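Now, the feature entries from TrEMBL:
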- 15-183: domain 'Cytochrome c assembly protein' (DOMAIN)
- 21-41: transmembrane segment (TRANSMEM)
- 61-83: transmembrane segment (TRANSMEM)
- 95-114: transmembrane segment (TRANSMEM)
- 126-145: transmembrane segment (TRANSMEM)
- 157-176: transmembrane segment (TRANSMEM)
- 196-223: transmembrane segment (TRANSMEM)
Amino acid sequence: MKLSFSAYSNPGNFVRITAKLLPLLWGSTAAAFALGLFGTFDAPPDYQQGETARIMYIHVPAAWTAMLAYTLMVVSALGSLVWRHPLADAAQKAAAPLGAAFTFICLVTGSLWGKPMWGTYWVWDARLTSMLVLLLIYLGLIALWQTIEDPSRAARAVSIMTLVGFIDIPIVKFSVDWWNTLHQPASVFRMEGSAIAGSMLWPLIVMALAYTLLFVTLHVMAVRNEIMRRRARRLAITLAVNGEAAMTRMLSAEIAS
């Protein structure tokens with residue numbers, strides 16, 4: 001069945017189409033995690049860090065996914081402010097808690113990884129600090145959305161602050177290049193090629209794919225839930241203002257869409 005991009009912009013179409021895609025997404029996510037975890041335990045220990053380096057297969061994909069989630073929020077913010085895309089606000093709101101969760105995983109696993117390497121769970125390193133700032137940005141955006149009662153005003157305020165907060169993403173990425181830090185420099189995406197051996201690189205890439213699929217799957221589910229919540233809110237307001245007859249008409253319109 002041929003589907004245009006505009007078909008996904010309609011909330012009703014999005015709900016129907018993604019209902020068919022979710023089983024495939026969950027299956028792909030499970031398969032990727034199974035292969036990635038096999039590679040994680042099958043990979044040889046690092047010659048310097050030993051078995052501790054296996055935290056990398058959880059920590060690094062979490063960091064990548066945290067930045068991916070925020071990038072999606074930026075795109076959604078532009079879609080909301082510039083193009084008034086009907087799903088942009090829902091996509092942005094759904095991505096924030098997921099991004100915060102992946103950022104938290106990154107910080108916790110990074111602390112556990114850093115303890116045997118640096119002798120402490122935390123240092124005010126540029127990379128660690130910028131990731132902590134990213135978590136605070138996520139939490140601030142979530143709080144802002146909850147604080148402003150009017151949904152349209154909340155969406156606009158969050159979109160503007162999301163665009164402002166995007167400045168932290170290049171700081172996270174290039175902090176190890178711009179400043180003298182304890183955190184190791186980039187090892188995978190380098191101009192001169194990856195510094196990680198192939199036997200350790202492929203499990204890392206597969207785990208990154210698994211994290212990405214998990215994020216996409218959970219994000220689709222969260223967007224669907226947000227659409228349903230907004231429908232329920234509109235129905236409740238309609239019932240309170242216009243009574244049962246108006247709600248019946250609106251229910252018929254929702255079913256038709």
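In case you wondered, yes, glycine gets a Cβ from its N, Cα and C as well.
Just so you know, TrEMBL annotations never went through curation; they're auto-generated.
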Annotated stretches the transmembrane segment (196-223) and the transmembrane segment (61-83) touching (3 or more Cβ pairs under 8 Å)
yes
Tertiary contacts of the transmembrane segment (61-83), defined by C-beta under 8 angstroms and 6+ residue spacing from its ends, are 89, 91-92, 95-96, 98-99, 102-103, 105-106, 109-110, 131, 134, 137-138, 141, 155-156, 158-160, 162-163, 165-166, 169, 172-173, 204, 207-208, 210-212, 214-215, 219
Using a Cβ cut-off under 8 Å, which residues of the same chain at least 6 positions beyond either end of the transmembrane segment (126-145) come close to it?
63, 66-67, 70, 73, 93, 96-97, 99-100, 103-104, 106-107, 110, 114, 154-155, 157-158, 161-162, 165, 168-169, 171-172, 175-176, 178-179, 181, 183
When pLDDT is averaged across the domain 'Cytochrome c assembly protein' (15-183), the result is 91
